[in-house]
């Protein structure tokens, strides 16, 4: 075997890099999206064993919707790419270019078995630049063809270079067995090895039978090799059948129209595809990424002129095969091996023996193009040996290589994005509705819905019975807020669905994704509360058509929650979990049902299930941490804090995560951390109501009331109706700024919005008391008592004020501020001094609902101070007088414990308010 020199390796590698370097700027397009972006098997969190249980797209092989494309080694290389660069497309394309270079070098060594040094290099150069390879090299999913070709060539080279039987059997069988994990269209090396070995074996046997030679040991070696190859091939066929669960994949007439066509259209069309593929190798000028649907019209009659191309193809193939089998010279063997490379790898993808999911696929011509290149190089050798044609042959091969290299380089730009890829395909073929749909999808991903709609509508005109096209039209109308048009489009798609035939399996006659028409239509109409039952009927219809339709159970569970049927919703999610217990979203949804059913422990358990499957599940992280926080149990705080921290790593721009970290820090009395988190939440979300109020509350609790005022001003600028903010601001203004007029404005604003607000009214009475306007304070309390006749503390306060008025009347003191100038001033100072001891907790007490509680600082003071202090405190906190009496008899430690619990209750109420109001 001739050795490949380093110069030849560098030449091939440089040529490949020169043709494909621009592919590094291409993204993930077409099938790459499903195989790379949407494939969970690439993620490190997915167990490696899943690679051997799922198909190429990450779908379990046992599921009917699986394409049965079993390529775990290819997926493993994707996973290695993800490990080093995650979803950076450049690294995936770079590896593909490197693998293509390796294939070119191995192909050169392969050609040296049949061709001379020059013509074998010509074959390798032509293979390196052939434009038909852009789909296999520039398309990331084409790596399956690249790896399969490497194993194919390596196995053949290992077989031919070995001398000992044991070495040959072991090395070759292992290498060829790797084809079990490669595309089925390339798993034909054993047939090629048989064709390579049989002529030699038959020739030797004829010599023995004629008595010209003894039975050589080499024949025994060869027979042993053949026996091992045949047995291992049968074993791999059995394993392959087991892997695909003894089921062929389900394809629709849209994927391969000829497959469901009657005789003779099916046979005539499939046979016509053979010369069409050969033409793509001869003239790769018009390449297309998708040849399904109406790209190639059916050959429905024997009189169709295209049948002449089929006859010509078979005639040429037959003549070449006859010539190579009739003669035994080296040229005949070269032609025979080239034909083997063209025909044998292509047979599984030819549709002749069983249907596949495509009409024409350029990437499956990767290996057959090797045989084509060998034929071209062999012809070049024959022509170049004729002196008068030598220069012309070199010129022609030079022009061929140059034009192919330029075409390949330019074709790579088509794969830059999905939009460029599918628009380039539409230039070649306008009769494929799938291409119109895919351009629409590309525009839809850019939020260009108006333009996308035009492409989707054109798809429905090109293929009126395309269910997917009508679904796309409906979805786009929905995105454009045209519900009526969307519903009409979905109804058209639904009308195109085949009717259920009793006793016949529905899933075998329609693509599973077409069942989404029921889901989409139900999701659309359930926005109307009067049509919830109608939506539920659609979900149930989808489930009846396909009992393993997981998405139908998920969507129905959401609807049942909306219909206030949590038990049925739980049953729907449990059924979905039976179908897919490794789906983190399902466990999350079940946890939400548990919350609706007031089962927090079960909810937390299911949130934890979701996080075990996906530790970065953002919604499960947030809501489980929130559930722990709302439980109020200190033992949950560290884990809740960890989950919120993980959440903000995943969603660094979500203010809610930082806000809840701040709330946890407030619960733990970590005021510095709480302030930092609240500030971050406010920075991310201007006017964040709950964060602003709780930050002000935090300052108030930390005796930084004056720092709270600017925060409250910002809160009220964005939310002027915030009652608790007005109460807290009024308290700070009155007790710390001594601004009774400012406080009065705050409380009056509350009453202007809600005249029945007891707290606002109550606190306004305090202002009147501070202003020494006892008659007005009395009237105010009387009005408050009328609003809340069952509030005993209001009645007591009214009694206190009336008692004070009576005492002052007896003493001859004036009851109103106007007549109390001078003489009353010392008394007012005394009272304000007493009230100041309770300013901090009064503001916070007023923020909660009745009975929410606030901090209390019980001080000894004069009777006047006690009166003022009691009135202020009790007016601002419903039922606080009784609590004060109980608090006086408790120890300092008990007081602090009560204060902590009450402060936590206040913050919890504010948290609940945030959740209910959607902040």
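Here the Cβ of each residue, glycine as well, is placed from N, Cα and C on the backbone.
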Need the matching range: TrEMBL marks transmembrane segment on one of 215-239, 240-264, 265-289, 290-314, and I'd like to know which.
215-239
Looking at the candidate ranges 335-358, 359-382, 383-406, 407-430, report the one that TrEMBL labels transmembrane segment.
335-358
For the repeat 'TPR' (584-617), distant same-chain residues with Cβ under 8 A (at least six beyond the ends):
45, 554, 557-558, 561, 566-567, 569-570, 573-574, 576-577, 623-624, 627-628, 631, 646, 650
On average, what pLDDT score does this prediction assign to the repeat 'TPR' (550-583)?
92
Are there residues at least six beyond either end of the signal peptide (1-18) with Cβ under 8 Å to its Cβ atoms? List them, or say none.
97, 100-101, 104-105, 108-109, 112-113, 117, 120-121, 124-125, 128-129, 157, 160-161, 405, 409
Tally the residues of the domain 'DUF1736' (246-317) by DSSP class, grouping H, G and I as helix, E and B as strand, and everything else as coil.
34 helix, 0 strand, 38 coil
Secondary structure content, the repeat 'TPR' (550-583) (per DSSP, counts of residues):
27 helix, 0 strand, 7 coil
